[in-house]
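Annotated in TrEMBL:
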- 8-28: compositional bias 'Pro residues' (COMPBIAS)
- 29-45: compositional bias 'Low complexity' (COMPBIAS)
- 352-365: compositional bias 'Basic and acidic residues' (COMPBIAS)
- 74-159: domain 'Quinolinate phosphoribosyl transferase N-terminal' (DOMAIN)
- 161-331: domain 'Quinolinate phosphoribosyl transferase C-terminal' (DOMAIN)
- 1-55: region 'Disordered' (REGION)
- 334-365: region 'Disordered' (REGION)
Amino acid sequence: MTTTTTPPTTPPTTPPTTPGTPPGPGPAPAATAGVASTTGTTARAGGHRPFPPPQRHIDAIVAAALAEDAPAGDITVQALIDPDLRATASIAAREPGIFCGTSAIEAAMRLTDPRITVTSMLADGARFEAGDVLARLSGPAAGILTAERTALNIAQRLSGIATMTRAFVEAAAGTGARVVDTRKTTPGLRILERWAVRCGGGSNHRSSLSEAVMVKDNHLALLAAQGPEALTAALLAARTRLPHTVHLEVEVDRLDQIEPVLAAGVDSIMLDNFGLADLAAGVRLVAGRALVEASGNVRLDTVAAIAATGVDIISAGALTHSVRALDLGLDFTADDGPADQSPAPGGGTGRAADDRQAGVRHDLS
């Protein structure tokens, strides 16, 4: 089995992750049987590798997607394709962006047919241009065809998230504000979508309702009905019951709510749907006594101005809830002989045109 070495990527300039996100460099996912992959340094603040999801979690997500797509097998492949036919193919970009999806592509191919070899040509977090080859595949053609859509669906979505995140991070650069995601993720894909945010240079908010205490508008409405002092009393009581390691954050939508919240000793205050002037005023009121998070009306055309108000964190649901999948495609070439496992000339920076020898192009359908 042949592997390739890909060039290291240039890490984006971003701050550390938010509370609840594993800090520092994490181990790279191990190459699995039947899948050859050597990826370069993954982009991260200060040169650190973003903490990747455990491979078993990736496998579970990909296995569910494969079962959804071919619950009783791929009957088109079964009817038309010789099971002994071997082939080579490449996954290539049709537009520029930031890549994320190496492990998902590997898992889709391996779980479909462990004889398929995947050679990753680009690391997660790396920037690519239209025409760049992201991965090369070789092995049984039937398996490549069956796994193709699942591999592309996941890689396209994750690369879209990484690309959007990188744009937000670059827009806020130089201010000290961290761009973070939210829980507005695709059901079942959160662990992968959070990974894509990290590959784009962003940071993660709490991963679930079990990870941190966040008091939001509906919680506040219920507490407000119990009297003006109920919020502070409830927060103080919660603080005594919680382990010291649990992060406590409260959302406010008016400046006059800030002092009562601070009196309870919260760790973070979320200023929800504040205008720029009120965001700056809120930062001054908090005066370093808690982290200040801005949320609401966060778009690519507003994030720089929001960051300039001095907030510590900017949470953007747009990173995951409405992002556009990038256009990636698979170019497929049948081969009567053994699958070609050799890397492309030049160490993996070849163009998709290099692989279009027989002209079967697989688009987004």
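Cβ atoms here come from the backbone N, Cα and C positions, even for glycine.
Automated prediction, rather than curation, is the source of TrEMBL annotations.
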DSSP helix/strand/coil residue counts for the domain 'Quinolinate phosphoribosyl transferase N-terminal' (74-159): 36 helix, 25 strand, 25 coil
Reported mean pLDDT - the domain 'Quinolinate phosphoribosyl transferase C-terminal' (161-331): 94
